[in-house]
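Only one structure is covered here, and it is reproduced in the block below.
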């Protein structure tokens with residue numbers, strides 16, 4: 001009998017399965033090889049486009065990398081979301097369209113993050129020229145703060161499938177708005193059209209909060225979500 005039954009293991013689709021395998025294999029490889037050859041890992045995360053470490057292929061490879069064993073929730077959340085929402089989307093869209101969606105959301109995520117970083121670099125470098133500090137001491141302190149931010153942009157990197165996952169979440173919420181979902185810590189089913197926007201609002205709040213200890217690329221999440229939204233709108237226009 002053909003159809004989408006209730007067992008997620010029975011219905012795991014080919015593209016989702018391959019994406020899960022690739023992410024897990026890369027994670028294990030990065031944890032293992034990275035201990036002995038840390039420089040190799042510099043070729044997979046994505047760096048700021050004007051950084052000497054940036055390579056064009058990183059806009060693809062970064063989405064298959066994740067944080068290390070000190071942050072296991074990073075890969076666990078992304079793979080759980082892919083496993084939960086991916087099969088029904090692939091089943092509905094078809095393998096090729098689903099894979100295109102996943103990759104485009106991942107690329108859109110990094111483009112959005114790069115644009116924000118470019119704006120920050122412009123603002124920081126401009127601040128050095130227009131600032132008029134009250135004293136030499138304050139100027140030095142001010143310059144150190146801005147210099148540290150600039151250094152972090154040029155030498156920091158982004159990894160993870162979160163941008164692609166947020167694109168899938170938005171696509172799912174638009175295609176199946178009334179499907180009820182169970183949250184891990186909320187024992188009450190909630191419709192997708194409420195949960196997914198809630199995640200987006202949380203990301204926007206975290207961007208607004210700007211916690212100094214937050215090293216998550218929230219703008220990448222928003223970028224992936226935006227591409228997912230645009231893709232669904234395009235498909236609907238084509239269908240009509």
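Think of each number as a place in line: the chain as shown, counted from 1.
For all residues, glycine too, the Cβ spot is worked out from N, Cα and C.
Beyond the ends of the transmembrane segment (20-37), by six or more residues, the same chain brings 44, 64-66, 68-69, 75, 78-79, 82-83, 161 to within a C-beta distance below 8 angstroms of the stretch. Summarising the annotation, TrEMBL assigns transmembrane segment to 20-37 (among others).
The domain 'Peptidase S54 rhomboid' feature in TrEMBL is assigned to 55-233.
The transmembrane segment annotation in TrEMBL covers 75-94 (among others). Under 8 Å from some Cβ of the transmembrane segment (75-94) lie the Cβ atoms of residues 4, 8, 11-16, 19-20, 23-24, 27, 66-67, 101, 160-162, 165, 168-169, 171-172, 175-176, all in the same chain and six or more residues away from its ends.
Beyond its flanks by at least six residues, the transmembrane segment (101-119) meets 15, 19, 46, 48-50, 59-60, 62-63, 89, 93, 153, 158, 161-164, 166-168, 171, 217, 219-228, 231 of its own chain at Cβ-Cβ distances under 8 Å. The transmembrane segment feature in TrEMBL is assigned to 101-119 (among others).
The feature transmembrane segment is assigned by TrEMBL to 152-173 (among others).
Among the features that TrEMBL reports, transmembrane segment is placed at 194-210 (among others).
The feature transmembrane segment is assigned by TrEMBL to 216-235 (among others).
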